[in-house]
Amino acid sequence: MKYIGAHVSAAGGLANAAIRAAEIDATAFALFTKNQRQWRAAPLTAQIIDDFKAACEKYHYSPAQILPHDSYLINLGHPVSEALEKSRDAFIDEMQRCEQLGLSLLNFHPGSHLQQIPEEECLARIAESINIALEKTQGVTAVIENTAGQGSNLGFRFEHLAAIIDGVDDKSRVGVCIDTCHAFAAGYDLRTTDECEKTFADFERVVGFTYLRGMHLNDAKSAFGSRVDRHHSLGEGNIGHDAFRWIMQDDRFDGIPLILETINPDIWAEEIAWLKAQQTAKVVA
C-alpha cells in the first residue's frame with residue numbers, strides 16, 4: 001500500500017499537522033516537531049504529546065506513515081568541534097522529541113564539509129553523530145536524505161549514503177529518504193521509465209531498497225545535474241509526470257511515507273489525488 005502525503009504545517013500545535021494532512025486526503029505526512037530555523041525549542045508538554053497522538057489516531061496515521069524532519073541548522077558533519085557538538089545535541093533533542101511523540105522515523109540532511117575537511121572525514125563524522133544519537137534514544141530510525149549537492153553538502157551520491165550507513169553500528173535504525181528533485185539535480189536521471197529503472201537499479205546496488213524508509217516526491221525547477229535544489233509541482237518541472245507514475249506502480253515503494261514538498265500547497269490535494277490514481281494508470285514507456 002502506498003502512503004501519500006505532504007509536508008504540512010504544524011503551526012498552532014503539532015496536532016494540527018495531522019488535521020491538515022487529513023484535509024488534503026493524505027495517507028502520510030511530514031512535519032517539523034519544532035521551529036526548523038531555531039536551535040532551541042520548549043520541551044514538549046504532556047498535553048501537546050497527548051493531543052498529537054489523539055489526532056493521529058483519529059485520522060488513522062500510524063508512525064509508519066509519518067516522516068518528521070529535523071532542523072535545517074543541524075550539520076552532523078561539521079568540521080569545527082564546538083559547532084559539531086551543538087549540532088549533535090540538537091539532533092539528539094530532535095530524536096528524543098520523536099520518541100516522546102511515538103514516532104519511529106526522523107528525516108535529516110546528512111551534513112556539509114564547508115570546504116574545511118575531506119569528504120571521507122565528513123561522512124565519518126556524520127556516521128559517528130548518528131551512532132551517538134542512537135545510543136541515547138530508542139525506537140527512532142535515523143533517515144538520511146539524499147541532497148542535490150549544493151555548496152559543500154554531502155549526500156548527493158548514493159555512495160555517500162552507503163558510506164554513512166557503513167559507519168552506523170545499529171543498521172536496524174538507519175535508513176534513507178530519496179528526494180526525486182535532489183536526485184535529478186545531482187545527476188540521476190528520472191525523465192523516462194527506462195531512466196528510472198537505471199537510477200533505482202543503481203540505488204539498489206549501492207545502498208539497497210532494504211534501507212529505503214521514505215521518499216520526497218518533487219519535480220525539479222533545476223536542470224539535470226545542476227547541483228541546484230529547486231522544487232517544482234509534479235509534471236511542471238524538468239522531471240515530468242512519468243517518474244511519479246512509475247513510482248506509484250512499483251511495489252518497492254509501498255509501506256513508506258511518500259511526501260510532497262512541491263511549491264504550491266494549494267494543489268497538494270490535487271497532486272495527492274493524481275498520485276493515487278496513477279497506481280492503476282497505464283505507464284507509457
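Backbone N, Cα and C atoms are what each Cβ position is placed from, and that goes for glycine too.
Copied from Swiss-Prot, the annotated features are:
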- His69, His109, Glu145: Zn(2+) 1 binding site (BINDING)
- Glu145, Asp179, His216, Glu261: Zn(2+) 2 binding site (BINDING)
- His182, Asp229, His231: Zn(2+) 3 binding site (BINDING)
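DSSP gives His182 (Zn(2+) 3 binding site) a helix state. The candidate set comprises the binding-site residues Asp229, Glu261. Of these, Asp229 has the most other Cβ atoms within 10 Å.
Here the C-alpha separation of His109 (Zn(2+) 1 binding site) and Asp179 (Zn(2+) 2 binding site) works out to 11 Å. Neighbouring residues of the recorded Zn(2+) 1 site, listed in sequence order and excluding His69, His109, Glu145, comprise Asp70, Asn107, Phe108, Val143, Ile144, Cys177 (Cβ within 8 Å of the Cβ centroid). Note on His216 (Zn(2+) 2 binding site): other Cβ atoms within 10 Å of its Cβ, all shown chains, come to 26. Each of the binding-site residues Glu145, Asp179 was assessed for Cβ neighbours inside 10 Å, and the highest tally belongs to Asp179. Counting every protein chain shown, 24 other Cβ atoms lie within 10 Å of the Cβ of His109 (Zn(2+) 1 binding site). When the binding-site residues His69, Glu145, His182, Asp229, His231 are screened for a C-alpha within 10 angstroms of the C-alpha of Glu261 (Zn(2+) 2 binding site), the residues that qualify, in sequence order, are His231.
Residue density at His182 (Zn(2+) 3 binding site): 27 other Cβ atoms are found within 10 A of its Cβ, drawing on all protein chains shown.
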